Amino acid sequence: MELATMGKVNEVLFMNGGEGEISYAQNSSFTEKVASMAMPALENAVETLFSKDFHLLPALNAADLGCAAGPNTFAVISMIKRMMEKKCRELYCQTPELQVYLNDLFGNDFNTLFKGLSSEVVGNKCEEVSCYVMGVPGSFHGRLFPRNSLHLVHSSYSVHWLTQAPKGLTSREGLALNKGKIYISKTSPPAVKEAYLSQFHEDFTMFLNARSQEVVPNGCMVLILHGRQSSDPSEMESCFTWELLAIAIAELVSQGLIDEDKLDTFNVPSYFPSLEEVKDIVERDGSFTIDHLEGFELDSLEMQENDKWVRGDKFAKMVRAFTEPIISNQFGHEIMDKLYDKFTHIVVSDLEAELPKTTSIILVLSKIVG
């Protein structure tokens, strides 16, 4: 089934739920590292809000978009609370209350998410910062909140997901342009790269437009995206995960376990942009100023683990946690164990050549006044 519409992607794009060994909750250590690296940017954003007299408000409204069900969103809430307490002590002022909205698509495991909201995260109403948390299911590519209602928006490793597989990936004769691949690769024709960038441009612009209506003037957004350093989207730094998954799928095709047509017609609804592409889209939109934009690299694997099979297995489980729902929708639930077992073996083989580092982008924006 092709992911050709926003509605279809919204139904199947979510992380593995629960708390089992292939759940996102148990396999989010990499995104936890990314979030930790980006935490100073979020701290600075809260500090900036307080420098603009946002501490005089009765409540600070913050949203975490694409929150999933792992522990990372809890760290975000705790950090915002700590910064609010710190700034209000420095300013000798009464601390505003904190309203946090946790957003993700309808298939997200909100039960596991809210089960993890311990008193250590939210605190009690007698603390300096009274914290209230609400779930907001829905697509962040459209409006989610009333006009001028948000002061702070955070999103980590979510905005690079697309509303649909890129348009225009079939020829006039109806043939697949990206045959045998599920994402941009070195063998992809230029039209595939152009289609992916065009879809990201359209979707990120929709995201910015929706937030421009919801965020108050001078409000802040802190966005962390999976991105790339190179200007070429087919470089291995940005496509190696999808490339290895495509190899695993192709092997199951050769064994007769998957129809070849299913592989040829599947294109992942995700795009890892360059810093220049992100900057260009924000400036074209014109609703926000860029306060900070940087890229940084992290090892894709647990490098302190010496056993390559343990490292490969950890990486495969991490990838399975965020890809299985959308992959199984196309190729069938019944072959997922075989597919990811094959993927693990391919990853371990690739360890001999060393996997490339993963690039993340930190983007801090302020809503333009007027």
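Cβ coordinates come from backbone N, Cα and C, glycine included.
Checking the candidates His201, His226 against Swiss-Prot: the one annotated together with Thr31, Tyr157, His160, Trp161, Phe322 at the theobromine site is His226.
Binding of Mg(2+) is attributed by Swiss-Prot to Asp264, Phe266, Asn267, and within the candidate set Asn111, Asn148, Asn178, Asn329 the record adds Asn178 to that site.
According to DSSP, His226 (theobromine binding site) sits within a strand segment. Distance noted between the C-alpha atoms of His226 (theobromine binding site) and His154 (site 'Involved in substrate discrimination') is 14 Å. When the CA atoms are compared, no binding-site residues among the candidates Thr31, Cys67, Asn72, Ser139, Asn178, Asp264 lie within 10 A of Ser270 (site 'Involved in substrate discrimination'). Taking CA atoms as the reference points, Phe266 (Mg(2+) binding site) and Asp104 (S-adenosyl-L-homocysteine binding site) are 23 Å apart.
Spacing of Phe322 (theobromine binding site) relative to Cys67 (S-adenosyl-L-homocysteine binding site) is 13 Å (Cα to Cα, whole number). Listed in sequence order, the residues Gly66, Ser156, Ser158, Leu225, Ser270 complete the 8 Å Cβ shell around the theobromine site centroid, once Thr31, Tyr157, His160, Trp161, His226, Phe322 themselves are left out.
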